[in-house]
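Visitor: Have a look at this one before I ask anything.
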Amino acid sequence: MTSNPTPIVVENPWERLRAFTDARIGLGRAGISLPTGKLLEFQLAHAQAQDAVHAPLDVEALAQQLQKAFALEHEPLRLHSQVEGRAMYLQRPDVGRRLNDDSRERLQNAETSPSRADLAVVIVDGLSALAVQQNSQPFLKALYQQFEQDNAEWQLAPLAIVEQGRVAIGDEIGALLNADAVLVMIGERPGLSSPDSLGLYMTWAPEPGLKDDRRNCISNVRPAGLNMVEAARRLFLLLKEARELKISGVKLKDRSEDSVLEGDAAASGATKNFLVAD
Amino acid sequence: MAQTFQTTVGSHHYRFKSLAELMAKATPARSGDRLAGVIADSAEERVVAQMVLAELPLTTFLNDALIPYEHDEITRLIIDDHDAEAFAPLRHLTVGDFRNWLLSDQATSEVLTAVRPGITPEMAAAVSKLMRNQDLILVGRKCRVTTAFRNTIGLPGRLSTRLQPNHPTDDVTGIAASILDGLLYGSGDAVIGINPATDNVAQSVKLMRLMDDVIQKYQIPTQSCVLTHVTNTLEAIEQGAPVDLVFQSIGGTEATNRSFGFDLNTLAEAEAAAQSLNRGTVGRNVMYFETGQGSSLSADAHHGLDQQTCEARAYAVARKFSPLLVNTVVGFIGPEYLFDGKEITRAGLEDHFCGKLLGVPMGCDVCYTNHAEADQNDMDNLLTLLGVAGCNFVMGIPGSDDIMLNYQTTSFHDALYARRVLGLKAAPEFERWLDEMQIFNDVKTHKLNDQVPAAFANSLRHLPREPRHDV
């Protein structure tokens, strides 16, 4: 008997590159198709991500956690959009952008509010409650450190937490809190490898009805993505520039990395990697 | 001009107040039109609207602008650029006749190319609403749109791929790893295109250099693109960065594009700037556009139109600037616009058909998000249908999982599946390169090399030992 020279599943010898990225590289192949094991791994990840979309935010726990961690005088404001139920949330983003009457009243009567603020921080569940639950405290810690280290005075509005909200709901909240700028921290749509990603959206002069070109976005904020300290640093630079120029969005270019992200490689102007190393 | 549109079916009298309402109600059902409040009230009303639409002369669309000429620069573009001479053979047709004509043996690939400048996006959208999926596939396949930069894309019997090596922190080693994986699976002839994790000029320039280095070292007949805002790319060009293609997301109304932060003048400036670099070797198509049904509604800039008509109008913007690639990112926007696999499939076929009919080099990001009612089986179906329809290109990403944008699109494996079952090939220049580099044992039958080709095996020896933790 002769041995078959070609195995049924061909492994990719570059599989070890997976040490450098979470991307699903080096999967190998049966013919040109996915091997069974890799196929089922994918199916499991997709099933988990679908489940994550429907998991609710534990507002009670998050509010208490943040109050304790930052020794807040008052518990964060608990707000809700006009959305009723997750199915409606997924199909009616317009409703998710509006506060319900109860929340609006609460903001208008918030005795805890100062007459004005430099920034309102709004935490929104979005499409991943997990992202918000897990990353809010560490990100805010890093952000508050930026404020403390800055020479200028920063007056913060009371912290707000919103259920069943979309990004633009922050505009109404920022306006009601008389804030010059609003920062929305929102759970991004869960990816297969990243169910816990936080998005940051900063808007100068928030008011209902603003469009996306007025916002600056920093994405993929999570322990295995853009880390909290770096995200806070970039956000703070954007915020300072917005305050100086009194604008945000596409007119305000993110220059936070002009001094460079990639450390050694970019410092020399090079982009060397193993593919182009000589 | 306020024409009304009406008919009676049995005892029920149907009346549609405007052309926009008629178009919207004639559209196959989808969640975005429901969200906009423009959807038909019943299944019967939808078909009745299609019947009324079928009776309309095509000339209606030249006289009854869905968004007023005075208010929208895309309407002005559509009307001002309309070619009456090219339209002459279609001038006497109704929308229903137009469907018959498109399916007829008279409408050969050559004839379809000739009438293209006479067809407006609204005519294309209208006729698509009367067509079944097989009609969209059959006519889409007859429409040929070929473009070129360092290779030739859209030739009959070819299916190209965008290699999409996104990384959540733009880590160069991580990106290079995905590029290698893609190249060794035969991906990347449409473009090697990165969505940067952070949208700024410095980061974009860094990624442009990275891809340019790889393309030069391995002499790959392809082009690169960083999918950053058009104004960032303009700034990168000023800084002397190696820009092959200029990217921009575009929509079908002026207000949509303003919400994206640009207008038609910006695109004209960008096209001229990129062409001045003279980096193409076999062609001068330098623009890469992305579109997708729902973007106008999402920007609250849809003027009461249905999302598919808005989408078709975006192709008028695209064709003005002779793009190398136009990509409808069909399932990316989420379930509030296209709810499930059935709606995504229909939209993908409509976009491909309308784009090709209007002369746009249409590709499709066959994709879905985790909050949509869709899965890999839906993607397999749409990929196969688009392959049959002659789609110019699809995405290629490691294992279908975009770890930066958090959605699923077609994988390197998927593209090879489509090429194999449908007998499709990569762009000719790139196919030769795959052969020369010994990435395939037999490129004609899509049999990959079981070993790492020599040039790449050498590169793998330069791998850093430990993963780097940047920042």
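Note: Cβ is positioned from N, Cα and C throughout, glycine not excepted.
Predicted automatically and left uncurated, TrEMBL annotations should be read as such.
Marked as substrate binding site by TrEMBL: B:Arg162, B:Leu163, B:Gln164, B:Asn195, B:Glu290, B:Asp365. Per TrEMBL, adenosylcob(III)alamin binding site is recorded for B:Pro196, B:Gln248, B:Ser298, B:Met404.
Are these features on the surface or tucked inside, and what are their neighbours?
Guide: Cβ-based neighbour count (10 Å, all protein chains) for B:Arg162 (substrate binding site) stands at 28.
Sequence-distant neighbours of B:Gln248 (adenosylcob(III)alamin binding site) (same chain, 6+ apart, CB under 8 A from its CB) are B:His229, B:Val230, B:Phe260, B:Phe262, B:Leu267, B:Ala270, B:Met287, B:Tyr288, B:Phe289, B:Glu290.
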Visitor: When DSSP is mapped onto helix/strand/coil, what comes out for B:Arg162 (substrate binding site)?
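Guide: Note: B:Arg162 (substrate binding site) is in a strand by DSSP.
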Visitor: Calculate the distance in Å between the alpha carbons (Cα) of B:Gln164 (substrate binding site) and B:Ser298 (adenosylcob(III)alamin binding site), and round it to a whole number.
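Guide: Counting only the Cα atoms, the answer is 25 Å.
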Visitor: Report the member of B:Gln164, B:Asn195, B:Ser298 (the binding-site residues) whose C-beta atom has the most other C-beta atoms within 10 angstroms.
Guide: B:Gln164
Visitor: If we take B:Arg162, B:Asn195, B:Gln248, B:Asp365, B:Met404 as the binding-site residues, which have a Cβ under 8 Å from chain A?
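Guide: Near chain A: B:Met404.
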Visitor: I'd like to know which of the binding-site residues B:Arg162, B:Leu163, B:Asn195, B:Asp365 sit within 10 A of B:Met404 (adenosylcob(III)alamin binding site) at the Cα level.
Guide: B:Asn195
Visitor: If you skip the near sequence neighbours and keep only those at least six away, which residues in the chain come within under 8 angstroms of B:Pro196 (adenosylcob(III)alamin binding site), Cβ to Cβ?
Guide: B:Asp170, B:Gln203, B:Ser204, B:Leu207, B:Val226, B:Leu227, B:Thr228
Visitor: How many other Cβ atoms are found within 10 Å of the Cβ atom of B:Leu163 (substrate binding site), counting all protein chains shown?
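Guide: B:Leu163 (substrate binding site) is surrounded by 29 other Cβ atoms within 10 Å.
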